[in-house]
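A.B. asks: Among the features that Swiss-Prot reports, transmembrane segment is placed at 77-97, 98-118, 151-171, 231-251, 265-285, 305-325, 642-662, 689-709, 733-753, 884-904, 946-966, with the record citing sequence analysis. Here Swiss-Prot flags Asp357 as active site, 4-aspartylphosphate intermediate. What Swiss-Prot records for Asp615, Asp619 is Mg(2+) binding site. Residues or ranges marked as compositional bias 'Basic and acidic residues' in Swiss-Prot: 994-1010, 1118-1131. The region 'Disordered' annotation in Swiss-Prot covers 994-1023, 1067-1131. What Swiss-Prot records for 1089-1100 is compositional bias 'Polar residues'.
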Amino acid sequence: MADIKEGVEEGSVKVDMIKEPLTQGDTGVDEVDFAKITLDDAFKYLNCNKHGLSSAEAAARLQQHGPNKLPDSSRNPVLVFLGYMWNPLAWAMEAAAIISIALLDVADFVLIVGLLLINAIISFYEESNADKAIKALTAALAPKAMVVRDGAIVTIDAVNLVPGDVILIRLGNIVPADVKLLEEEGADEGEQEAPMQIDQAALTGESLPAKKFTGDVAFSGSSIKQGERHAVVYATGVNTFFGRAAALISGTNNVSNLQTVMNKMSAICIVTILLWVVVELAVQFGHYSHECVGGREGCPTLLNMLVVLVGGIPIAMPTVLSVTLALGAYKLAREGAIVTRMSAVEEMAGMDVLCSDKTGTLTLNKLSIDKSMVVPVGNMGVDEIMRMGALSANTVTEEPIDMVLWESYPDRETIKRDYKHTKYFPFNPNDKITIATCLEIATGRVFRVLKGSPQVVLAKAWNAAELDATVNQKMVEFANRGFRALGLAMADGDGKDGTKWEMLALLPLFDPPRHDTKETIEHCQNQGIQVKMITGDHLLIGKETAKMLGMGTEMFPSEVMIKARNGDASQLHGYKNFVEMVETCNGFAQVFPEHKFEIVKILQDSNHVVGMTGDGVNDAPALKKADVGVAVADATDAARGAADIVLTEPGLSTIVTAVIGARKIFQRMTTYSKYTIAMTFRICFTFGLITVIYDWYFPTILIVIMAVFNDGAMIALSKDRVVASKTPNSWNITNIFIMGMVYGLYLTLSTWALYQTATKTTFFEDKTPLHSLNDQYSVLQPWCEDEVRAKLGQTIDPYASLCESNSYAKQFDECEGYQKGSGVQVEDVPTLHAQCVTEQRYLRGAMTRSLIYTQVSISGQALVFVVRTAGYSLMERAGTSTYLAFFFAQVGATLFGIFGLGGFEKPRHQLEDCQFCDYSFHEPVDWFDSGIVPESGTESDFTASVIGCGGYVIVAWIWSAIWYVLLDPIKWILFWILNEEGFRDTMSWRESTKRSLDRRSKDDIGDKEFTGPSGMVPANYSNPLGRASMSKPVSAVLDRKSASLVAINRNSMTVSQDPNRALNIGRRSMIGRPSGPVGRTSMPLGRISRTSNTLSTGSKDGQIGRGSKPLNSSSAEIKPDKYDFASTIRE
């Protein structure tokens, strides 16, 4: 590699000579400090010049040096797959598998391992597909770079940059590679150089932007805060300063909020399971004196413990939640909202305040200039003014204002032919102007054209005092009509010998509101989101736009905000304090980026989840600070880098769609969370209680099969059709735990009642044609006496030795030489009656297990339909995938319940060809061909076997349906007590049910219908404006925002100014739709109350109803404001 000659003095910025240029495969990063060598030496070292590379040279270098990106952080797919089996829940399942194989229970071991593998395969497949799809959609967000190729500036993907490329970097760009700045374009020798300001805090820790001049270096990843300059690339990819730093921290790993939530829920489940495991073992080994001598034959108690351990573990939880999030993020990306931080989906679901910029989000950002409204303030005519405007534009950057000025001048070709830009001073947020230095080719005349904020342009004019009144008056007129004002000035010369600026004109820029913004804002408010306009434009422009959009006009300029923050009570405008003012008002105008940051912080301190939109480099701090930073379409690289969500489609509607999508994702995740907690409690308490009280066994194989059917089907929840919550969402583990516990205990009660009814009563035998499953001795004693006589003859003594049976006598050595009919008892040989009781208990218990299995499976998965909605579950249509999952899972469970396992597992102390295992009506048992039964007296090491319960599956379905009916009322009671989703604050359960009935015929994404006033929450006596503010509205606001209500009856009409009385008239008629702090400006004319025969009217532009007189004498015209009239030309 090339070496630098020795002899360079320490601190020198010049290299005497470079032995050889950069060669193939080299970058020179480690050999040369580019900050200390001259530009000429850098060009020699990189083997290039200021005119950049040709396409062929760039392609060759790309092959040699590789792409300008860090190495892919993708992990080995095998390790990713295995990772799905490495978490606390999987560890518990793996422990169960180890116990199974240690006890030589191969079948359970295989099924448990199979369940783990199925879960991992589904997770790997679904998440991989979602990740690939998201990467494909985010390819459009790949950083771009403006590079000089073949002598022309072209835009390419930054990944294709190579050492030696000359690029153009400007305000808002993220520096795409390590570069060395070239001299300013068009700069003359001796002219003072304007520095670039580059924010490299993320790389170097500098708190303030660094000033950079010609020859200085800028690192990849830093952002341009001011200026525009060409630069030569000297390092790309891993060889950049950022690349080497990233390599050092690549091992760090942050725990997401979802992972934290899963850890908490996993802990709840595991603690519950372990408690029951301890109780079961203590009772069975203690009270029931079970023994454990090792091996499968000698320790059935441990196998029974696996039922609680395997059944209670929500093994599918990481899969369902992560896949739900991944698939949801993919769907958001398809709808124009690309998630850069996955946990932002959860925060977007909880967002209750959205601070939106005006330009491009609430408006179209398609500027136009009405030439008839141009205001000349000098000696030029309108055509000449428009020509100067076109000359001031830099069309390379394609900024909206530059483009509208350029395109508004019809004779653009003459400008290209007759003039040349020799220098361009770009816009920056501090100066608020641009300056173009122009050369008239024919005459050699040099002049400069300045455009920008009217106040700034006016201040530079030589006759500013004379023009001040005219300019301010016209600015107010423009603002009253919703126009932004742009100042234009010119001066002869290039500025070296002083400048005499002459202001030429004020140009009106109109940016029309989006056609769907008004409806979208209404929808936002109906979804519990307060929209605040945060604009850099003049206050009057903001208010006029707000009126067009139906927003509230309670807006203030940043000057008022600053004074109020500093304790000036006169600027509070009736609010109690500054915090309430920020929280309650509809927006702020004439704001700077630091104001946005402060607004976000104040709202967050008031317990709001705040979303902030932005597009510029100076919006980055506020975007980073916000809970949900949203970079709008066509945002700068810096804004995109700071945002959590990047929009690819313009407009507020995309944000609302993303919020609704995020809430749906959240709804799916909380649905599964409630379900899985409920199932843990249900399995633990159901089988734990029956085992502890009755020393009852349940085969592990059944619980594993149930987990395969039901937990596998839960993946469908990630694609379920849900209705987004009307209120912001957040994880409330306490509520999830309480609701899951109540559901689980209720389902436990349903199974317990079924077990008691089937095994301790004769209800089913008496009321249905089904045989009895009653296992009580009082029932079995007479039945077995009849059964023994029916099988062996009426003269046989039922209590005689088992040796009386030819079949069984062959299986006992003790029966050798036994004389039938002697009635002699044989030691160690059970009696006929005792064997009959044992066989019947074995048979009925085995069939009861199939019944319980089927009922637990059906009622458990049916719970999903209850917890997925706040309304009536039978009327809220679920997704097709959810129905199909339930159908196939329960068809499998039903078939399994009918046919069972034919007596598997076989009893350890067994007799073949059972003699007394008929149904209770003395018919042979179906699906029990083996006839293997346990020997009487071996119950202490009894193996839990399974035989199909046949027609009892109908009982399981009917029983589950009956108990299902009460789940919705229980849910509503819990919603009321816990105020889930604002249930208690916003509606009664009857209203919730009615609303769910209304919704089921609608498309699930829209819910366009208003369900309350236009404010955040429905009005009530303590909150008559329906505000979502944490603080009570001040009296001044109530007085200012109250509207009259006209109550009409046949004989009289009364007008009420009392908000409380308004509430008595009718819920929907309250204050019309108030133009309150968070409401719309007014209500549509003559809206009829739904709850009473009243007509509610609201003011719109100062008018009431059709043709009626105003309530007050205030005019709809906006008066000139006392505040500073400086308006910015971009937000």
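All positions are counted from 1 along the displayed chain.
A Cβ is built for glycine as well, from the same backbone N, Cα and C atoms used for every other residue.
Note that the structure is predicted; figures quoted are calculated from it, not measured.
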A.B. asks: Which has the fewest other Cβ atoms within 10 Å: Asp615, Asp619, the binding-site residues listed?
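C.D. replies: Counting other Cβ atoms within 10 Å of each of the binding-site residues Asp615, Asp619 gives the minimum at Asp615.
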A.B. asks: Can you tell me which of 151-171, 265-285, 305-325, 642-662, 884-904 gets the most C-beta pairs within less than 8 Å of the transmembrane segment (77-97)?
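C.D. replies: Between the stretches 151-171, 265-285, 305-325, 642-662, 884-904, 305-325 has the largest tally.
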A.B. asks: Let's check the environment of Asp357 (active site, 4-aspartylphosphate intermediate): how many other CB atoms sit within 10 Å of its CB?
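C.D. replies: Here the count is 26.
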A.B. asks: Could you tell me the C-alpha distance between Asp619 (Mg(2+) binding site) and Asp357 (active site, 4-aspartylphosphate intermediate) in angstrom, no decimals?
C.D. replies: 10
A.B. asks: Given the transmembrane segment (305-325), which of the listed stretches 98-118, 265-285, 733-753 has the most Cβ pairs that are under 8 Å apart from it?
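C.D. replies: By the under-8 Å Cβ criterion, the transmembrane segment (305-325) pairs most with 265-285.
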A.B. asks: For the transmembrane segment (265-285), what are the same-chain contacts with Cβ under 8 Å, counting residues 6+ beyond its ends?
C.D. replies: 87-89, 92, 292, 301, 304-305, 308-309, 312-314, 317, 673, 676-677, 680-681, 684-685, 688, 691-692, 695, 733, 736-737
A.B. asks: Would you mind pulling the DSSP three-state label for Asp619 (Mg(2+) binding site)?
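C.D. replies: For Asp619 (Mg(2+) binding site) - judged by DSSP and reduced to three states - the answer is helix.
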A.B. asks: For the transmembrane segment (98-118), could you work out the same-chain residues 6 or more beyond its ends whose Cβ comes under 8 Å from its Cβ atoms?
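C.D. replies: Counting only partners 6 or more residues beyond its ends, the transmembrane segment (98-118) has Cβ contacts under 8 Å with 85, 90, 295-297, 299, 302-303, 305-306, 309-310, 315, 700-701, 704-705, 707-708, 711-712, 905.
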A.B. asks: Going by DSSP, give the three-state secondary structure for the residue listed as 'active site, 4-aspartylphosphate intermediate'.
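C.D. replies: SS state of the residue listed as 'active site, 4-aspartylphosphate intermediate' = coil.
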A.B. asks: Measure from the CA atom of Asp615 (Mg(2+) binding site) to the CA atom of Asp357 (active site, 4-aspartylphosphate intermediate) and give the result in Å, rounded to a whole number.
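C.D. replies: With the alpha carbons as reference points, the distance is 9 Å.
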